[in-house]
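What TrEMBL says about this protein:
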type     : residues : note
DOMAIN   : 36-324   : domain 'G-protein coupled receptors family 1 profile'
TRANSMEM : 30-53    : transmembrane segment
TRANSMEM : 60-83    : transmembrane segment
TRANSMEM : 103-127  : transmembrane segment
TRANSMEM : 139-165  : transmembrane segment
TRANSMEM : 189-213  : transmembrane segment
TRANSMEM : 268-287  : transmembrane segment
TRANSMEM : 307-327  : transmembrane segment
Amino acid sequence: MANRTGLNATQGLGPFSAAEVSTFQEAVGLFFMVLLNVIALVANTAVMVVILKTPLLRKFVFVCHLCLVDLLSAIFLMPLGIISSSSCFNRVIYSIAECQTLIFLNICFISASILTISVISVERYYYIIHPMRYEVKMTIGLAVTVVVFIWIKSVLITVLALVGWPQDNGATSASKCTVFWSPGAHKKIFVIVFSTLCFIVPTFIIFAVYCSIYRVARIASLKHAPVPSWTATPRQRSDSINSQVTIITTRNLPPRLSPERVFGGSKAALTLVLIVGQFLCCWLPFFSFHLHCSVNSVTPAGGPGEIVVTWLAYSSFAINPFFYGLLNRQIREELSRLGRNCLNRSLTQDLCLSSPEGSIHENFFQFLQRTGCTLETQSSYINSSPRNTVDQTMMGFRIPGQIPEETN
């Protein structure tokens with residue numbers, strides 16, 4: 001009887017606990033979506049301001065363009081993604097034109113961001129592997145041409161997604177206004193082209209470029225590693241044939257691998273793992289999901305899978321300024337310098353505003369000191385004569401080695 005009563009109580013609490021869990025999950029999901037949006041806004045704005053305000057950092061034009069694309073995504077795309085993903089906005093209804101605009105922004109900003117990341121990797125390759133060629137060919141005209149090509153390609157890919165949409169003035173729920181739920185007639189062709197041009201090809205480019213950079217860094221670390229002590233010790237010169245052969249062979253043999261040589265290029269390897277790993281973690285689930293669902297005509301129930309992979313992709317907009325901007329020592333140092341200057345300026349203004357009388361008195365005393373010094377200088381110049389000058393010099397200064405006279 002007691003067991004039966006406990007079972008009935010558990011069944012009674014089951015729906016209530018499930019509702020609580022669902023509400024908690026929605027709150028946590030909404031919190032992280034808003035947090036990613038705020039981080040993307042702040043981080044991209046900070047890196048852009050640092051690059052634009054510092055003349056020496058304006059060479060990072062593609063990093064600045066990446067921050068601009070991610071900032072536009074954080075302003076327009078991510079808030080609309082919050083509306084489409086959270087159940088708090090289930091009653092929001094979009095018209096066909098509004099839904100087309102959202103999908104246009106979605107695909108266009110994703111394409112521009114990924115293509116810019118590919119361009120940054122190629123630029124780093126030429127900057128490290130072929131520095132002379134980079135200095136000659138990397139001009140403002142080439143940078144502008146590459147940026148224009150990125151946007152033209154992104155717009156053309158987006159137009160393909162909007163082909164075949166219904167022309168009526170119907171409406172759809174905000175949760176259905178996503179890439180997967182779009183009613184385009186050529187959605188399967190679009191997803192294949194979109195995944196190939198904006199993920200598969202850029203992934204091969206990024207991986208090949210950073211592997212080449214790692215290989216060059218590895219070779220450089222092996223060449224510049226410290227010489228082992230057994231090769232640096234001087235030896236007695238011998239004219240025998242055996243000794244000369246021994247010296248020649250030991251010079252040609254590869255040196256012993258010290259810990260520095262074994263782990264040489266670790267920074268380049270870490271950079272390769274971080275950048276390629278971050279790119280794959282953010283974008284591989286997104287494109288894999290859309291390819292699988294479009295090719296196999298799979299319809300996920302309720303669309304929670306698309307929400308997860310979409311926000312994994314959107315997290316790239318918040319992570320990119322850290323990986324491509326703040327990991328650079330020059331940008332990081334300049335950002336800290338600007339932050340200190342702004343903080344010191346605000347503290348100085350607060351002190352001046354809090355004690356205006358003290359600053360007035362301080363300025364007045366400084367004025368008196370300056371005028372007093374000026375008057376003393378002028379009076380000493382007017383009243384001085386050659387004789388007085390000599391006497392003052394003799395009385396005021398001592399000749400080196402002179403014994404001072406005692407006056408009774």
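Yeah, the Cβs are placed from backbone N, Cα and C, and that goes for glycine too.
Taking the domain 'G-protein coupled receptors family 1 profile' (36-324) as a whole, pLDDT averages 80 in the prediction. Counting only same-chain residues 6+ beyond the ends of the transmembrane segment (139-165), those with a CB under 8 A from a CB of the stretch are 61-62, 65, 96, 100, 103-104, 107-109, 111-112, 115-116, 119, 179, 182-187, 189-190, 193-194, 197-198. Within its own chain, the transmembrane segment (189-213) has Cβ neighbours under 8 Å at 107, 110-111, 114-115, 117-118, 121-122, 124-125, 128-129, 153, 157, 160-161, 163, 179, 268, 271-272, 275-276, 279-280, 283-284, 287, 290-291, 294-295, counting only residues six or more beyond its boundaries.
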